[in-house]
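S.K.: Pasting in a structure now, in structure tokens, and then I'll have a few things to ask.
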């Protein structure tokens with residue numbers, strides 16, 4: 001009898017402590033889910049266009065986090081559309097093939113040989129890696145380029161001195177509608193052809209913004225290598241969490257937004273001006289940045305809205 005009591009005395013505290021720990025963990029889970037619930041309800045059935053690139057594409061752990069975030073978005077009824085670049089991998093292949101990489105005004109100078117490599121890497125390699133990653137997690141993905149189904153019509157950028165660098169002339173969403181209606185995730189590389197059938201390399205932010213506008217998306221989200229829009233580019237704590245469209249324009253005019261952040265902010269402004277609900281610039285170096293931005297009160301980056 002004594003030994004039975006001793007055994008019970010040893011077991012009961014363990015059970016009690018275990019139950020207490022589980023309760024704490026469960027409370028945290030419930031809190032997270034409760035915070036996410038109104039956002040899940042709001043965005044279910046809505047379209048979110050995500051530009052995927054930068055560090056989030058270059059590191060395996062961040063890739064996995066992005067793919068899981070996208071799979072979760074799909075599972076709660078959100079309709080994500082992914083647009084991607086692939087600059088680092090393009091540079092690696094240019095180096096292998098001994099083709100010099102050239103940049104001017106922040107854009108890749110793209111001659112015919114470089115364009116062949118860009119198309120091979122973006123359409124044939126990077127796109128399929130993303131599609132495969134999503135498919136493995138149960139998010140049915142379909143790989144496309146801007147040329148497929150005339151999704152994006154390109155035009156030469158500027159005066160043509162950058163070679164086969166393009167801009168978006170027109171977006172035709174007819175090819176996307178049946179894909180989205182069937183629950184698939186379109187994964188789109190930023191290569192598109194002109195009306196003459198000549199392939200051009202287009203900035204992926206630009207492609208994402210124009211597709212978001214054409215789809216009348218709820219959100220445009222740009223994954224970047226910065227926390228978002230900073231009032232002081234050397235001080236991450238100066239992050240601006242939310243801006244109105246007019247305020248974003250003013251920051252560009254005042255030079256607060258400068259350098260590589262300028263085209264990203266301009267991309268957001270154009271998308272909002274064409275009816276996108278909100279545009280976000282977030283730090284893709286943070287694991288699960290997508291979920292933190294979409295499903296939490298605080299978010300993680302900068303959200304630009306058309307009105308208060």
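Note: Cβ is positioned from N, Cα and C throughout, glycine not excepted.
Below are the features I grabbed from Swiss-Prot:
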type    : residues         : note
SITE    : 51               : site 'Transition state stabilizer'
BINDING : 86, 87, 108, 201 : substrate binding site
SITE    : 264              : site 'Transition state stabilizer'
S.K.: If I take the alpha carbons of residue 87 (substrate binding site) and residue 51 (site 'Transition state stabilizer'), what is the distance between them in whole Å?
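M.R.: Just about 13 Å between their Cα atoms.
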S.K.: Please identify which of 51, 108, 264 has the densest Cβ environment, defined as other Cβ atoms within 10 Å, among these recorded positions.
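M.R.: In terms of Cβ crowding, the pick is 51.
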S.K.: Consider each pair of residues in 86, 87, 108, 201, all listed by the record as binding substrate, and report the largest Cα separation in Å as a whole number.
M.R.: 12
S.K.: Under a three-state reduction of DSSP output, how is residue 86 (substrate binding site) classified: helix, strand, or coil?
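M.R.: The three-state answer is coil.
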S.K.: Can you tell which of 86, 87 has the least company, meaning the fewest other C-beta atoms within 10 angstroms of its C-beta, among these binding-site residues?
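M.R.: Among the binding-site residues 86, 87, the sparsest Cβ neighbourhood within 10 Å belongs to 87.
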S.K.: In sequence order, which residues at least six apart in the same chain have a CB under 8 Å from the CB of residue 201 (substrate binding site)?
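M.R.: Residues satisfying the criterion: 108, 110, 115, 118, 119, 122, 164, 165, 166, 190, 191.
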S.K.: Neighbours of the substrate site 86, 87, 108, 201: Cβ within 8 Å of the Cβ centroid, same chain, sequence order.
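M.R.: Sorted by sequence, the hits are 85, 90, 118, 121, 122, 190.
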